[in-house]
Amino acid sequence: DGCGHTILGPESGTLASINYPQTSPNSTVCEWEIRVKPGQQIQLKFGDFDIDDSDSCHSSYLRVHNGIGPTRTEIGKYCGFGFQMDGLITSKSNEVTVQFMSGIHTSGRGFLAVYSTTDKSDLITCLDNASHFSEPEFNKYCPAGCVIPFADISGTIPHGYRDSSSLCMAGVHAGVVSNTLGGQINVVISKGIPYYEGSLANNVTSKVGPLSTSLFTFKTSGCYGTLGMESGVIPDSHITASSILEWSDQTGQVNIWKPENARLKRLGPPWAAFISDEHQWLQIDLNKEKRITGIITTGSTLAEHYYYVSAYRILYSDDAQKWTVYREPGMDKDKIFQGNTELYQEVRNNFIPPIIARFFRINPLKWHQKIAMKVELLGCQFSLGRAPKITIPPPPQNKNDKNDGFSDDFIHSVKTSLETDKTTFTPEIKNTTVTPSVTKDVALAAVLVPVLVMVFTTLILVLVCAWHWRNRKKKTEGTYDLPYWDRAGWWKGMKQFLPTKSAEHEETPVRYSSSEISHLRPREVPTMLQTESAEYAQPLVGGIVGTLHQRSTFKPEEGTEASYADLDPYNSPIQEVYHAYAEPLPITGPEYATPIIMDMSSHPSTPLGVPSISTFKAAGNQAPPLVGTYNKLLSRTDSASSAQALYDTPKGQPGPGAADDLVYQVPQSVAHSTGSKDE
């Protein structure tokens, strides 16, 4: 009467004293006999040990023996409050006896211990949580039986579990290990989240949890995707049932809760059976063999119809004729899965090891009011090319088994033990599927990886070389440079081919210089303009200037209106250097003269007697009126008999008779005879 929580699996298990973790009662005793496969040894590890030692382990103690029965030999006798057991207790055979004795005492929680075969070197207890380990990722072995009523967890997959949760209990909830068998877990620690959801899965209830500094998740095979009930990949014709609920409401409308309504998260009514008994079933045809790792169920999801299934069995088949009831490996009883506890909550159950089948049946065993449910299957594709199919010899036929209805299959599976032989899922299935897959993948990787590395390396080298070549070219010439040309000379030579700017669009201001204007006699016109920009030509103003209008660029002296026909302005003996520009009149919009720049070095000189035309136009489109005769250019030398003309006649222009259309091009500079001044 001193035995507490106990799960004794074929390779591992958990045992605890009665009433643990509360104070154990007085005068109780319990004895556990543990066996594993022959040739193996057993290791025992304590998660908690708190036994009264007031009488030096005389009436209250824990004793461990090698072997079972009268021939057993004692390994050790233990007691003490908060006793810390260093290391593991290892047996010498495949059998161990554990004996707990509780005498008269006032305190002491008792003990909790786990065991496994000695090949599980990373065994942990059901009380270990993520905060006990400092590594960001680690592998541990969880024993069977870690779903204990006195431990709790917070969180769910895929978001993660709070770091205070029991690692092994969370592993059962996540579906990575079986509570009946135990198994290996691969844990990853990461930063915590503010809120942890609660859910019911694999008969473990996860509670809502608050913020924590860290959380943990599990690495899995990834075979947990949905198989098509919710998405509609599975067609309606592949969802069938033993019966269909059909009824009329108060308005006379007929309601049919068909099998295709049993799609998880679909709005509307669920599937419901017409008769609620243990012989009803919902069947799903997956079209081909799939690896089925889990199932999610809900109730009716209709508040006015509080129906749900609280327990069910699972059957599977390859041909929809011969059905196998799902059992856990090593168990001689059908596995009963916990269903829903209300009509809305999603409840998940996992299959360890997974089911490999095409046809899948759910057989409700317990329900609330009526059998009604929505479902989704979890799993992934199953390829026969990668894993050999397990062939099962057909069981002996029972005369009562007609294979033509679910009720006959149900009776056969319950009343005979032959169904144990029909179960295809033993631990060896995993071994038969892994080896061919790994070998093929390794061979494929050995070929593909070097090829991909070479391709990517070549591509990177080509890109790097192209980038260096482009940079080198840019450094040599520059983006806008003309490295092999005389850029200044080229630009000046090209200016002669550019179109002449109109006077209205010229933006260079024209100014008068008061100091230079003072040297001029009345009615004199400046004979030479000089631009301030070194890039443009320095024009000389020649020709006859007509009467100044409102928008002329020349401003006459104040006083009597002068007539420019009375005097030849170019015969002036004054040799001063005149300012380049004249100041415009302060009237609406100045009109500017646009000089045409040309290199005079390539033009032949013309006689002085060639008429010259002003480079300035009068206001409007008409040419200024010609007054007097053509003027001669001032040679700007001490000798008045210069034989060189300063202006040239443009190509293709007629003689002086077409003076209205002639515009003389102005050279940048003119060579003067000895004694001339530099401008």
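Every residue, even glycine, has its Cβ placed from backbone N, Cα and C.
Note that TrEMBL annotation is computational and uncurated.
Under the heading domain 'CUB', TrEMBL lists 3-118.
Residues near CYS30 (disulfide bond) in space but far in sequence (CB under 8 A, at least 6 apart, same chain), listed by position: ASP1, GLY2, CYS3, GLY4, SER17, ILE18, GLN99, PHE100. Residues or ranges marked as disulfide bond by TrEMBL: CYS3-CYS30.
Here the domain 'LCCL' (120-216) returns a mean pLDDT of 94 for the predicted model. If you look up TrEMBL, you'll see 120-216 marked as domain 'LCCL'.
The domain 'F5/8 type C' annotation in TrEMBL covers 223-380.
Tertiary proximity for the transmembrane segment (442-467), restricted to same-chain residues at least six positions away from its ends with a CB under 8 Å from its CB atoms, involves no residues. Taken from TrEMBL, the feature transmembrane segment applies to 442-467.
Residues or ranges marked as region 'Disordered' in TrEMBL: 639-679.
According to TrEMBL, the feature compositional bias 'Polar residues' maps to 666-679.
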